[in-house]
Amino acid sequence: MAMACLNVCKDDQEYVEEKNQKIKEVCTLDGTTDWYGRPAVRGRTGTWVAATLILVNQGLATLAFFGVGVNLVLMLTRVLGQDNAEAANNVSKWTGTVYLFSLLGAFLSDSYWGRYKTCAVFQLIFVIGLSMLSLSTYIFLLKPKGCGDKNTPCGDHSAFVIGLFYISIYLIALGNGGYQPNIATFGADQFDDQGDPKEGQSKIAFFSYFYLALNLGSLFSNTILGYFEDKGMWTLGFWASTGSAAIALVLFLCGTPRYRHFKPQGNPLSRFCRVMVAATRKWKVEMMPSGEDLYEEDGKECSPNDRNIVHTHGFKFLDRAAVITSKEMNEMDKGAHNPWRLCTVTQVEEVKCLLRLLPIWLCTILYSVVFTQMASLFVEQGASMKTTVSGFHIPPASMSSFDILSVAAFIFISRRFLDPLFGRLRKKKLTELQRMGIGLVIAIMAMVSAGVVEVFRLKYAVKECNNCENPSSLSIFWQVPQFVLVGASEVFMYVGQLEFFNGQAPDGLKSFGSALCMTSISLGNYVSSLLVTIVMKVSTRDEMPGWIPGNLNKGHLDRFYFLLAALTTADLLVYILCAKWYKYIEFEAKGGNDNGVHNIGQPELGV
């Protein structure tokens, strides 16, 4: 009888274990939850179903954003009456502010709201800003009626109207900026790279498709909307952008039941400050060279995936924050723990990780200076060339469609040919850092190409042309190589940045990792604006209007492009040194096994 009872109990125990195992198999292993806060079930949440909605959402939102941004420099010159240098500076400042707001969005996402809520709120702000811009353009800005094209500039506007215009475009900046870093990370959240190798590969592919969706979304705005806006149909272009943004928001909300979510982890600034304060308080404390006396705990509160970061030997001063003194040992024996005096190794490594990312991030800023020229000086250069082919006028802003086609082509070439080729030749794929270095090299080539084109544009310039139809007889299609090269560099630099910063950021700072990519673009725009101001101040003389005057035929834009090529070359050399110094973040396997280390990224550090 007793034996029968034991057998029954044993069968029940095996049944419970089998049931628990099945539950574990169907749930994700990366800590994601569904809409109701329950562990996400693999077959009913995430994967490409949710990611495809996010990609379409990104494409439509990008269409809306570039419907404003791609011709903003022409809007400022033709409708608001600004000169070329002032308009280029204002576009750079506005674009920089867009990406600066990405830090705000990332902070709210990682700390309090989560990525889903942050994306929804900022997309709503984006739609409101576009609606205000469309209404203010229709009611106030296009006066007299029919103005705003190349031949009919608009009249003066009151301070109220100009203020309303700037409020509108900076609401657009806030909405798009806060949304951008979170939508990229939210899309990556839909793939469980810990529990399913196939989903891990899909997660890597997602960043390429995300950047492709971004560029395909802007293709429509750069061609169709760009054409209408160049003809003075600003209201039509802005309302089309508003409609696209509204559809994007509706599609995003439709995927709500399917999405996977990471819970926000609280204010990262407090964790950073705790480490700095604790390390400063113990600056006289002796440490063991091996680091064996450092404090760590299992199931700690600072990581959503309960993963401890492997201790590294750089920035040893910060390790003092994790040294256990006799006083703290006594407090822990009593069940007390002061987080401002004692931090875990993982919290210390989070700070080290951010400090290691900073030099790489700083080196990407000058690349963004090159990138931002497409929306400003490339457009102005194109407007000063022959823009008619068989009587058909080509809007200068639409030339960026060659950049988009280049991005699409090089993403395909990179994934289908270059990565497998390097895999066979070197037995390993290119690292993110190596791809970013290649992007810098191609950016230098793009600036040299733009400078050479400008030399020939000036050679064929029409003398005494102040407001003529074609200031130079050189065709605008000579700009194609510089746009293609910039597009190729983006595939290596920006896709590499998205993967690198997202993968190297600690678990509770994933959106911040994506925001680093956006803020490098932001600071690139501000640096571009500052550089234009300095160059104009230095190059302007009594009889010389400077390198970038209102009439480019009287300037030397080629010298500015060659200056950017030289600066980017110097930046590349610094970047190579930083990339060789960088150490990839490593996580302990779940369960704290010392031998089970998971390396996020690639083992090779060189460029």
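Heads up, the Cβ atoms here are built off N, Cα and C, so glycines get one too.
The following features are taken from TrEMBL:
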TRANSMEM  48-74  transmembrane segment
TRANSMEM  94-113  transmembrane segment
TRANSMEM  120-140  transmembrane segment
TRANSMEM  160-179  transmembrane segment
TRANSMEM  206-228  transmembrane segment
TRANSMEM  234-254  transmembrane segment
TRANSMEM  357-379  transmembrane segment
TRANSMEM  399-418  transmembrane segment
TRANSMEM  438-456  transmembrane segment
TRANSMEM  476-495  transmembrane segment
TRANSMEM  516-540  transmembrane segment
TRANSMEM  560-578  transmembrane segment
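The stretches the transmembrane segment (234-254) and the transmembrane segment (94-113) do not meet in space: the count of Cβ pairs below 8 angstroms, excluding pairs fewer than 6 apart in sequence, stays at fewer than three. Nonlocal intrachain contacts for the transmembrane segment (516-540), taken as residues 6+ away from its ends with a CB within less than 8 angstroms of a stretch CB, comprise 85, 88-89, 92-93, 95-100, 102-103, 177, 180-181, 357, 361, 364-373, 376, 494, 497-498, 501, 505, 546-548, 556, 559-560, 563-564. Most Cβ pairs under 8 Å to the transmembrane segment (120-140), among the stretches 48-74, 206-228, 438-456, 476-495, belong to 48-74. If you look at the transmembrane segment (206-228), the same-chain residues 6 or more away from its ends with a CB under 8 A from one of its CBs are 51, 54-56, 58-67, 70-71, 184, 187-188, 190-191, 236-237, 240-241, 395, 397-398, 400-401, 403-405, 407-408, 411, 414-415, 487, 490-491, 494-495, 498-499, 502. For the transmembrane segment (94-113), the list of distant contacts is 69, 72, 121-122, 169-170, 172-174, 176-182, 185, 264-268, 372, 375, 508-512, 514-515, 518-526, 529: same-chain residues at least six beyond its ends, Cβ to Cβ under 8 Å. With pairs at least 6 apart in sequence, the transmembrane segment (48-74) and the transmembrane segment (476-495) have fewer than 3 Cβ pairs within the 8 Å limit; the two do not touch. Among residues of the same chain six or more beyond the transmembrane segment (560-578), those with a C-beta under 8 A of the stretch's C-beta atoms are 359-360, 363, 366-367, 369-370, 373, 377, 436-437, 440-441, 443-444, 447-448, 450-451, 454, 531-532, 535, 547-548, 607.
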